[in-house]
Structure formats: structure tokens, C-alpha cells
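Feature annotations, courtesy of TrEMBL:
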| type | residues | note |
| --- | --- | --- |
| DOMAIN | 3-140 | domain 'Nucleoside diphosphate kinase-like' |
| BINDING | 11, 59, 87, 93, 104, 114 | ATP binding site |
| ACT_SITE | 117 | active site, pros-phosphohistidine intermediate |
Ligand code: RTP
Ligand code: MG
């Protein structure tokens, strides 16, 4: 199995409750390495670009407002099968459906304010990583 990278966001509901380290503990326990990380305040433009795929969805405005409502921590995670591994570690989008021990089961407040983002495929991971990091900021 090849080493893969995925893109992660610790969302504003989690940073507001000082849970960056707690989320990182789940990430590292899952066998993923944090190879880049920075705390930023997303602009409206960045959030709209990032979630452009959801533009037509009824929750889009609310989603952009939430993602720009406070600091986020953007990350690149590396490991075997990193995309799927991180989706497993995050749990289902709706925290009431997330498995025990997952980030969303442990920490998410609701389906919208659900503490973490993880890329859904290696191709989207590459696009998302490039939106927030330059190559020399990632140290594998
Ligand atoms: P993400 O992209 O953030 O990793 O989450 P995901 O793949 O599990 O879920 P996705 O369907 O891509 O939805 C993106 C984010 O939009 C918000 N959402 N709100 N109010 C709602 O019904 C609703 N549905 C989705 C969540 O923040 C979700 O993570
Ligand atoms: Mg998604």
C-alpha cells in the first residue's frame, strides 16, 4: 500500500472549544502523521471555493458562514490509505450516526458543526492541499 496524503480541517466549533489537541490525538492514534498544519481564519472567498461542489445545496450559505465564523486548523495528513483512514477516524457526517471513538462522535455538535473535514478521494485531496499549502510547507 502506497503512502497517501489527505487534507484535514479542524472546524470552528472544535477550535472554539480548544479541541485542536484532542482531535490531533485521534488523528495520531489512527496512525496518521500531521505533516503540515496551520491555524487560519478562512475568508468567505476561500470557503466558497473550498465547498464549491455544494453550491446548489440548501445548507451552502450556512456552511460558508460557519466555516468563516472562527479560526480553523488546516492540515495535511500522511499515511497508508490516508484518505479512507481519516474518513474512518472522523466518523459519519451526522454525529448521531458516527461510530464510537470517532472525532465526530466524541466532539461534533451537529451535522453542520461537525468538528472536522477530510478529503473524500486522493484526487480531491491534492486539489484541497494545493488550495492551502505550498510544497515547502509540507514536511513528510
Ligand atoms: P466534509 O466535506 O466537511 O469532510 O464532510 P462530509 O464529506 O462528511 O460531508 P459533505 O456531504 O461533504 O458535507 C460537507 C459539510 O457540509 C455540512 N453539512 N451540513 N445542514 C446539513 O444538512 C448539512 N449537511 C452537510 C457539514 O459541515 C458537512 O461536513
Ligand atoms: Mg465532503
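Backbone N, Cα and C atoms are what each Cβ position is placed from, and that goes for glycine too.
No curator has checked TrEMBL annotations; they are predicted automatically.
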DSSP says residue 87 (ATP binding site), in three-state terms, is helix
CB < 6 Å to ligand 1, subset of recorded positions 11, 59, 87, 104, 117, seq order -> 59, 117
By the 10 Å Cβ-neighbour count, the most surrounded of the recorded positions 11, 87, 104, 117 is 11
Residue counts for the domain 'Nucleoside diphosphate kinase-like' (3-140) under DSSP, helix then strand then coil, are 64 helix, 28 strand, 46 coil
For ATP, with binding residues 11, 59, 87, 93, 104, 114 per the record, max Cα distance (Å, no decimals) returned as 21
Same-chain residues at least 6 positions away from residue 59 (ATP binding site) with a Cβ under 8 Å from its Cβ, in sequence order, are 112
